[in-house]
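For reference, the structure is listed below as structure tokens.
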């Protein structure tokens, strides 16, 4: 056949260490039909400061592949919530082959068509809290590329028609496909009139959705006459691919005929005219009575086929032959993104008669519904059992319903199908099932009631069980509980939801408490972070005593908002918010930076030099507000104003030093007992904040940060400025006189206010 190659690529993205599914990078691809091979080229490279990160450490990268929906991954081996089904996926770990670049290849032969999802992440780290912009961070960028090769013009087989084929010596195989519509109970592929050099040297392979593989359903036509391959309960609304392959080493030409027969259970099994069935066959609860006002078990009068449409039945494998039961649709009610309820007509109570199953279909929209959680709940009405030991089994299968006629072993799996089993009885009347990231399409739920006996399960007699059925789609499992937050995430045009856990809780629904913080630990961490702000009380008292009222107001502002911001910022349940979180965070950051600003400006002692020194306070407030609005975690947005204030202080101190011709401040006591200790304490606080603080030690390292910063302010804040005094004019002598001028007092409290220091004698 003719092959066509398609190429797809995605933009490189920065990978993050795994903490939850919300921290992974998700990539969405679409593989077309008739694809024979898909090759993913996985490119990973390092960057540091805009250049190649040759010095960055090698960190392994894990990539997950899944068809139909995102992968449900669990790299930390946490516990899933109860009643949660975990679908499988492929995983691949990339190792580094070059200092700054590596490439991995993942091949899939005959992949399933439709949506494919790749999830990638780095290993979990120690959770270090880094200051943005402090140093060049190592970035690991991941870019997947997809190359697919697909066949075009594949021969289509029509049910009931015979296709003749001659396989030339240089040909190894012939590929066909046939479309299987809904309500097909069996697909039978047969090879006729096979002629070759050695009888019929052919292999017959059949597979749904994609071309067959070596492990697909296979039949050797040499050993089986007639050469027939049957598929019971095939997938509905899908292509089935038929591969006729010649044995290796067979010379000459092989000619054969191939035909396909589809068994439609809706036609041979209907024993009565296509009229509206009774309420019993529709599995309506007894409380609703019968359809059309008829009693249960009665049949409405026959009508012509043109008047009413018969209900479309489904196949059921049974020893007695194939039978069909009606499928009850569900009504889709969309409330929000990934918040969809599926209502049953004449529900939610469902009657399950003893002689036939009750079957329902739930339709999930392509792409839109695969990013949530499919929830199913069965609740048995025990009073409807009439004292019988009845068990209601439910099978949830994708794309085709499955109800087995075997009463001894109740299962929801066959050789080609895999489903989920639910059961309710008098002792366990409630059963739940959660499927994270379900595959889209039609999901069929088949309910069947059986009675437990000494010989296993047998059909019940004259007992109709009533079951409450609830099916809905939710963003997360139980909204992630009280220790998690359900986040709605987006990758390009694809939406999905995931839990982000806190307070040490882990797992897909934040239900794994192996590393969870206890209530006492949460209370202790909250109290430490909040009460450590009380250390600002001494700086406030010093500022008030020294008549630095503006500085004292800023310290009070900082203490107040830092206390309540950390009370609102806690990850557990010990949380108290007096305002919106964003407002508290902004005020906390602004107060912290304003405290540094006003302290440094006060140390500069600009009032005698600059008449309107208060302008700098207002300018600092405006600049800091602008910087915080731009980026609250940026290094230079926070460090720039502080360095600017330090520059102003340095200029002021240098000017005084030049004018006075000695170092300013002039005494060693001020340097030894105030400035140097305060600077060392502030430097220690900055080092702890920038290099030591992690997510695990945050509560006590950040509390120490509060204590050190507040303590450094108490040391660095200058003493009260002494007022400038002028002595009154001395009595003037005849001829000439002298005026005694008292210059400004020495700053820093080195001169007693009661003593006047005469610095100069000015000529009057």
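A Cβ is built for glycine as well, from the same backbone N, Cα and C atoms used for every other residue.
In TrEMBL, annotation is done automatically, which means it is predicted and not curated.
Record note: among 488-507, 548-567, 548-567 is the stretch given as transmembrane segment by TrEMBL.
In TrEMBL, the transmembrane segment annotation falls on 698-717 of the listed ranges 458-477, 698-717, 718-737.
Looking at 432-452, 516-536, the range annotated in TrEMBL as transmembrane segment turns out to be 516-536. Taking Cβ pairs closer than 8 Å, the transmembrane segment (548-567) reaches residues 526, 529-531, 533-534, 536-537, 539-540, 575-579, 584-585, 587-588, 591-592, 594-595, 598-599, 602, 614, 617, 702, 706, 713, 717 in its own chain, all 6 or more past its ends. If one looks beyond the transmembrane segment (516-536) by at least 6 residues along the same chain, the residues whose Cβ comes under 8 Å of a Cβ in the stretch are 483, 503-505, 555-556, 558-559, 562-564, 566-567, 570-575, 699-700, 702-704, 706-707, 710-711, 713.
A Cβ distance under 8 Å defines the sequence-distant neighbours of the domain 'EGF-like' (499-510), meaning residues of its chain 6+ beyond its ends; these are 19-22, 72, 74, 76, 78-81, 84, 436, 476-478, 480-481, 483-487, 516-517, 522, 571-573. Broken down by DSSP into helix, strand and coil, the domain 'EGF-like' (499-510) contains 0 helix, 4 strand, 8 coil.
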